[in-house]
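Positions annotated as compositional bias 'Low complexity' by TrEMBL: 122-135. Among the features that TrEMBL reports, compositional bias 'Pro residues' is placed at 136-148. According to TrEMBL, the domain 'Lipoyl-binding' annotation covers 36-111. Annotation comment: TrEMBL describes 176-213 as domain 'Peripheral subunit-binding (PSBD)'. Positions annotated as region 'Disordered' by TrEMBL: 122-156.
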Amino acid sequence: MSHLLQTSFLSSSTVVRRTPTSLYRTTNRIIVRAKIREIFMPALSSTMTEGKIVSWIKSEGDKLSKGDSVVVVESDKADMDVETFYDGILAAIVVEEGDVAAVGSPIAFLAEAEEEIELAKAKALSSSSSSSTSPSPAPSPAPAPTPAPVESQPKKVVTAAVVSKHPASEGGKRVVASPYAKKLAKELKVELGQIIGTGPSGRVVAKDVEAFAAIGSVAATATEPVNTAVSGVELGTVVPFTTMQNAVSRNMVESLGVPAFRVGYTITTDALDALYKKIKSKGVTMTALLAKATALALAKHPVINSSCRDGNSFTYNSSINIAVAVAIDGGLITLVLQDADKVDVYSLSRKWKELVDKARAKQLQPHEYTTGTFTLSNLGMFGVDRFDAILPPGTGAIMAVGTSQPTVVATKDGRIGMKNQMQVNVTADHRVIYGSDLALFLQTLSQIIEDPKDLTF
């Protein structure tokens with residue numbers, strides 16, 4: 001669900017700005033004459049303190065209707081279309097594409113009628129001047145594009161981001177382009193102003209950017225800097241954190257305050273491997289199988305699914321939501337499979353693929369990455385046999401899963417045999433979870449994986 005732009009009223013006869021009581025409910029003073037609304041940076045998640053403007057869908061002077069998507073904002077985990085709650089005219093944009101604004105600060109002004117546009121622009125200029133003279137909460141060196149691989153941060157894009165006009169402009173005239181086309185243009189190092197759009201009313205769409213990039217690929221290759229590594233990273237450069245990387249950094253530092261301990265366990269996976277081969281053709285993923293097995297084990301050991309947030313009490317979570325750590329361009333995110341103990345493995349697999357697609361497109365909703373109660377981190381697909389994971393703040397435990405590999409073992413009759421085994425290591429909050437709790441949980445998990453008949457029901 002898209003979030004609504006929050007505004008407050010300004011009057012042309014008496015300049016009044018009432019501070020909103022919250023980001024989602026404002027106290028407004030209305031004077032019947034000209035109405036100008038400040039459009040604030042909305043809070044798109046409970047942890048969001050600032051947001052980056054990915055792209056303005058609407059341009060200055062455009063007429064808006066309630067429910068129209070106006071701007072794409074990058075929160076700490078996803079890009080979201082933000083809608084307007086009011087009718088009016090987008091009179092002035094304060095925060096340009098690529099720039100960052102604190103939650104609750106004005107990013108644009110909305111006028112009710114054309115007569116108020118000039119006044120709104122004056123207010124916008126005044127707002128920009130006051131913010132430029134006040135201390136900035138953080139230095140803003142050349143802003144980087146929205147979270148993307150480092151190789152998609154060319155110098156020409158960085159310098160374009162600090163000029164007064166929008167990056168998608170030519171000669172001061174706005175170039176109409178879809179948000180995805182703008183992001184794609186940054187990734188492919190293409191200037192939107194050089195592209196002829198084929199969309200409605202000449203709008204530049206993704207296929208236009210791709211076609212233009214394909215034509216200019218030979219020339220672009222010839223101008224690549226000589227000190228660029230194979231991966232496209234320019235050596236010796238300092239790259240500021242993206243919004244997502246900042247969020248990951250804060251969470252990792254916060255986790256250091258939790259007294260954690262670790263327990264490892266070896267699980268035989270022959271039966272699970274055989275089941276996976278049998279139902280893989282039906283769209284089932286190994287991630288879904290592991291999430292389902294973990295959820296069933298958690299249902300029998302609710303303390304492992306609990307969490308301690310204040311240091312004085314802990315909560316037995318009512319739902320078993322398995323968060324799975326995934327590396328994406330520009331950071332790390334945990335995608336949440338909700339009620340994994342109650343959902344069949346086929347539905348879990350479909351949901352997992354949907355979440356991955358949304359994460360890559362940066363279209364996740366907050367509940368899809370903030371509601372996990374237990375976390376899985378799997379590096380087995382990279383051949384990693386064992387590792388320890390850092391406990392995410394607000395959860396009781398995280399399990400690191402290594403690769404399943406052939407292992408020589410002694411059989412019950414004293415002979416030597418070969419079995420596929422994997423190593424799992426659980427990091428847990430010792431304020432709530434004790435060693436015996438983890439041992440019993442891991443025994444149950446091992447039994448479920450080694451006899452996985454319940455995973456397909």
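Keep in mind that glycine also has a Cβ here, set from the backbone N, Cα and C atoms.
Keep in mind that TrEMBL annotations are predicted by a computer and have not been checked by a curator.
Summarised by DSSP class, the composition of the domain 'Peripheral subunit-binding (PSBD)' (176-213) is 23 helix, 2 strand, 13 coil.
Per-residue pLDDT, averaged along the domain 'Peripheral subunit-binding (PSBD)' (176-213), amounts to 73 for this model.
Helix, strand and coil content of the domain 'Lipoyl-binding' (36-111), in residues and according to DSSP, is 0 helix, 40 strand, 36 coil.
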